[in-house]
Amino acid sequence: MKEFKLYAITGEEFHQGRELIEVMEEAILGGVDIIQLRDKTSSKREVLMKAKALRELTKKHDVTFIVNDHIDVALAVDADGIHLGQDDLPLADARNIMGQDKIIGISTHHIDEAREAQVNGADYIGVGPIFHTNSKVDVVDPVTTEYIQQVASEITIPFVAIGGIKLHNVDQVIEAGATRICMISEIVGADDIKGVCEQFTKILATKGEK
Ligand code: TZP
Ligand code: MG
């Protein structure tokens, strides 16, 4: 898959009434290079409409587009890939449906899950939640930056740190070995979305290189 560093996930409860497309375009203009549509409440049809609009936006800016959960929606809009949790379709079955060329990302909370995802051919893994987060209801206890260290020293596929990451704690995440970070609230809930993303982009460019 195309290299990425700054990953933003939609979270419309944080958008402060702003339009989904405006919010995500600001994030892209600030340096986000991969976007995920994550919507746990809308109907399938609504998710599809949002996915179509985001596909158009991400094409325009040459940014990678991932859909959470809905493989059918991902295929219908020709998204670049899908993101799946531990309780979603198993990776091998998702791969059969999606084909070899699409990206499959898997959420992991433990090194055993990371190993399994890598062996089964995931394109990247999510590593988290690193810190406490209010953005996910069924979230497990924070895995802490120790889990980042474990993954960084052992796993060879790309991984992205997620969960409670903010401007004030991102240094800890990078120091533990993460070179890619993913956020919902700190990005889409920001008053100045583009400005916040520019700060993260700069931090990743300067401190993320090891
Ligand atoms: N998966 C693990 S933590 C999380 C997801 C989707 C929520 C991240 O949101 P935030 O607002 O960046 O903590
Ligand atoms: Mg899921």
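A Cβ is built for glycine as well, from the same backbone N, Cα and C atoms used for every other residue.
Whatever TrEMBL says is automated annotation, not expert-curated.
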Legend entry - Among LYS59, LYS60, LYS136 - the residue TrEMBL places in the same 4-amino-2-methyl-5-(diphosphooxymethyl)pyrimidine site as GLN36, LEU37, ARG38, ASP39, LYS40, ASN68, SER107: LYS136
Inset, instruction - List those of the binding-site residues GLN36, LEU37, ARG38, ASP88, SER107, LYS136 whose Cβ lies under 6 Å from any atom of ligand 2, in sequence order, or write none if there are none. - result: ASP88
Inset, instruction - Could you round the CA separation between ARG38 (4-amino-2-methyl-5-(diphosphooxymethyl)pyrimidine binding site) and ASP88 (Mg(2+) binding site) to a whole angstrom and send it over? - result: 14
Legend entry - Structural state of GLN36 (4-amino-2-methyl-5-(diphosphooxymethyl)pyrimidine binding site), classified by DSSP into three states: strand
Inset, instruction - Determine the binding-site residues, out of ASP39, LYS40, LYS136, lying near ligand 1 in the sense that the CB is under 6 Å from one of its atoms, and give them in sequence order. - result: LYS136
Legend entry - Per-region confidence, the domain 'Thiamine phosphate synthase/TenI' (6-187) (mean pLDDT, whole number): 97
Legend entry - Proximal but sequence-remote residues of the same chain as LYS40 (4-amino-2-methyl-5-(diphosphooxymethyl)pyrimidine binding site) (Cβ under 8 Å, at least 6 apart): ASP69
